[in-house]
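Per TrEMBL, the features are:
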DOMAIN    C:6-66  domain 'HTH tetR-type'
DNA_BIND  C:29-48  DNA-binding region
Number of protein chains: 4
Amino acid sequence: MKGKGSTKEELIFDATLRLVEQVGLSGVSMEAVAKQAKIATGTVYIYFKSKEELLNKLYVTVKLKFYGTISDGLNEDKPFKVLFKKMCNDYLRFFLEYYPETIFLQQFYNSPYVTASTVDATKGLLQPLSELLQRGKTEMLLKEMDTRFMITFLHGTIGQLAGFIRDQPVQKTYTDQVWTICWDALKL
Amino acid sequence: MKGKGSTKEELIFDATLRLVEQVGLSGVSMEAVAKQAKIATGTVYIYFKSKEELLNKLYVTVKLKFYGTISDGLNEDKPFKVLFKKMCNDYLRFFLEYYPETIFLQQFYNSPYVTASTVDATKGLLQPLSELLQRGKTEMLLKEMDTRFMITFLHGTIGQLAGFIRDQPVQKTYTDQVWTICWDALKL
Amino acid sequence: MKGKGSTKEELIFDATLRLVEQVGLSGVSMEAVAKQAKIATGTVYIYFKSKEELLNKLYVTVKLKFYGTISDGLNEDKPFKVLFKKMCNDYLRFFLEYYPETIFLQQFYNSPYVTASTVDATKGLLQPLSELLQRGKTEMLLKEMDTRFMITFLHGTIGQLAGFIRDQPVQKTYTDQVWTICWDALKL
Amino acid sequence: MKGKGSTKEELIFDATLRLVEQVGLSGVSMEAVAKQAKIATGTVYIYFKSKEELLNKLYVTVKLKFYGTISDGLNEDKPFKVLFKKMCNDYLRFFLEYYPETIFLQQFYNSPYVTASTVDATKGLLQPLSELLQRGKTEMLLKEMDTRFMITFLHGTIGQLAGFIRDQPVQKTYTDQVWTICWDALKL
DNA sequence: CATGAATGAGGGTTCATTCAT
DNA sequence: GATGAATGAACCCTCATTCAT
């Protein structure tokens, strides 16, 4: 009997993420993944029919976990600014907490492995965030701006700042500045 | 003497950038570069002793051109906000105008080819931008924030928004919003 | 006891033949055979200790059925030419009727799977045909020729012509020409 | 300067044929071909972009040599029977002389490597033989039979008998019987 | 300097076979 | 007996780099 959360798929996903962290996406070979997961090369192919499938499924999985994290509680009946702050903090926290996942997310998107269907599959996940921003505009708290533009801004900004913060010895100094900067940028 | 801008090195650089645009960094092989530049494979190795050297030197070159563009006129005797706006616009314009260069910049940074010395070599180039932001803080126009933090913010934000804008049919709608958003984010 | 023709061995044989027809001998993998036979991969190894053994045993089985077909009634008390004609027609009919078997027979013989013992095992099956031809020579109806030479001739000729006929929209035109051609070739 | 007939392509072709003779077509790996030709694996790919291309080009080349051999002198102004005999003998001689080529020809045709274009490319080569047989029918020396049917007969018969003869200690006994048997089979 | 054929290590993938359940 | 996940050797192919011309 396997412990919770240790299916072979997850084993392989974990191995892949660890590898991406260590050597980058391009350093990920199927053999290396197998070795990292302590299984045979061929075993990986039982669960994923190709490297492309492995990476794309991992991407969707991570994106799901990511959007799950930042979407949580976004439609609660609370003042807009409170939810906005929470969202920014969740966003940042995910990036800081799940370093390998973040690295993978960034590197995969500009890799030759991405398939169109994967891009499609992850698009819908932005819905809750999108609705929150809409609400902000309706309440005349946010600028009148293309919502996709705002999302792009948030993603790029927080993602980049997370990378910066991660390298600092004392992170606390910065974490609060992130949501402030985002708020000031978008507020009316 | 060849005409301006047509040394062999530049020929190879151009070929590399065109290739990155077409097939991504991972699709760039030395043979493809040579073919694109219409020279022999071996010739590339006369000018660059390895693929790593070629890419790193190209990176430094592009970064130089990039920071040259955005640093231009930053120390002129003009009101801070004017210079800030100009810098943001130059920043964005570079990303929109030099598409292959931008792609390369982004993809290279997360590749296994980057060497430590390259990262070091490009760090100093931020000086003019850094000084501008310092001035903003001195003039009490910008928030009291780590300058590197601000630079990271600007880079991530503008870079990401440029990518978004590039995909839009009508770009004019967005270009002015970029500097505004950056200003609001950082201003006191 | 299972119903006629449904032992596991036969199930596997059938699956193999169907596969050979669809994808050729080189496309036959043990996993594919198992799937086609709707059993587990490991189960195949209970009945055949290796792929080699499976194929060789199938070969002998098919050859047995084949020679059974063409040997039937060859020693009856009828005029030689009548039996010769019958044999030729049976030969051809088998090739036309049992397509997968024929494909397999041809492809297996030039494969790396054939073992010496299999070749030996099938040699004796030629006895009835051999005796018929001997009789033809004794009755001075056939040329004085090495019997093995004659058998080789018949096999090559009919096999090849069967392949040709199979591809024709109207087969009837040709079937009668086969035995005639063989008769003329060998008759004194 | 290379000696006549020793281009790299021919070197690789030779190596391939030798391998096919030794271990059969399915035993032919690109690495084995390279080793046999005493070159590096990658070198093979300079001359042939894939295993499929290598084998198909070799097939066309061998077929060309083969049909060149048997077509030679077929339209000379000589009695039909003389030419028919010559053709049969050339046919047989090729099979006996170029053993590896023959093995390859047979095994390749039933392999997953054959492409439609290769089959097409070799079809036209039968023209001279086809015309000879037509002439035989016109002169009322051959049976009124589909020419393609006759060609199939000749190919299957001679090919098979060649295989038989090759295994005999004394071959001379049989070589003359081949053309006789073919003649008797097809003559009116 | 310039060329481009040659090299061979390494990557993705398949598949015969084994073995714990 | 039956299962099918697991193994790992072997295969096809790519590409950074070298070197004889």
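Every residue gets a Cβ built from N, Cα and C, even glycine.
Curation plays no part in TrEMBL annotations; they are all automatic predictions.
Keep in mind that this is a model prediction, so the values were computed, not measured.
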Positions on the same chain near the DNA-binding region (C:29-48), where near means CB under 8 A and six or more residues out: 8-9, 11-12, 14-16, 18-19, 23, 54, 57
Whole-number mean of pLDDT values that fall within the domain 'HTH tetR-type' (C:6-66): 95
For the DNA-binding region (C:29-48), residues assigned helix / strand / coil by DSSP: 14 helix, 0 strand, 6 coil
